[in-house]
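Feature list (source: TrEMBL):
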- Gly16, Gly18, Lys19, Thr20, Thr21, Arg110, Lys149: ATP binding site (BINDING)
- 109-119: region 'LID' (REGION)
Amino acid sequence: MSLQNIIWLGCGGTPGVGKTTLGKELASRSGLKYINVGDLAQELYNGYDEEYDCPILDEDRVVDELENQMREGGTIVDYHGCDFFPERWFHIVFVLRTDNSVLYKRLKTRGYGEKKLKDNIQCEIFQVLYEEAIASYKEEIVHQLSSNKPEDLEDNINQILKWIEQWVKDHNT
């Protein structure tokens, strides 16, 4: 049983917490394939949300589009939410969390409007995406990781790489 055929990771969290940076770097170091669902949203949308200035994702089309890739395994999926992904897709889910003052600065730098900024900060305050992950998957596979400073990125990558290494040992017998 090889790593490429069996492991799937999900990275979730409020926009601006570092999912994309973590996912790309983790893919680079681990050899896993990286999929940014937000990029798919540009192709698989069913409208545009003027208030939030973003495409409205067609979740059913996303699942259909990714099904074969996920069956192959060896994939990191990056998206802020996870409640529409089938439970069978993931062996582990990491939700990144960021201090509100840090997150505010990151989102402000991205040019988020006041409503979008406020709603995303509230989402982080109330742990909406973490709670969504807990409700969607077995609690023991959902883990929170802090993502406030550059050192956190390296710590998180090392922690996940250790998990992958252990998972491979446990499943290659």
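Any Cβ shown, glycine's included, is placed from N, Cα and C.
Overall, the recorded ATP-binding residues Gly16, Gly18, Lys19, Thr20, Thr21, Arg110, Lys149 cover a maximum inter-Cα distance of 17 Å. Its Cβ placed at the centre, Thr21 (ATP binding site) has 16 other Cβ atoms within 10 Å. The Cβ of Lys19 (ATP binding site) has 25 neighbouring Cβ atoms from other residues within 10 Å, across all protein chains displayed. The Cβ neighbour count for Thr20 (ATP binding site), using a 10 Å radius and every protein chain shown, is 17.
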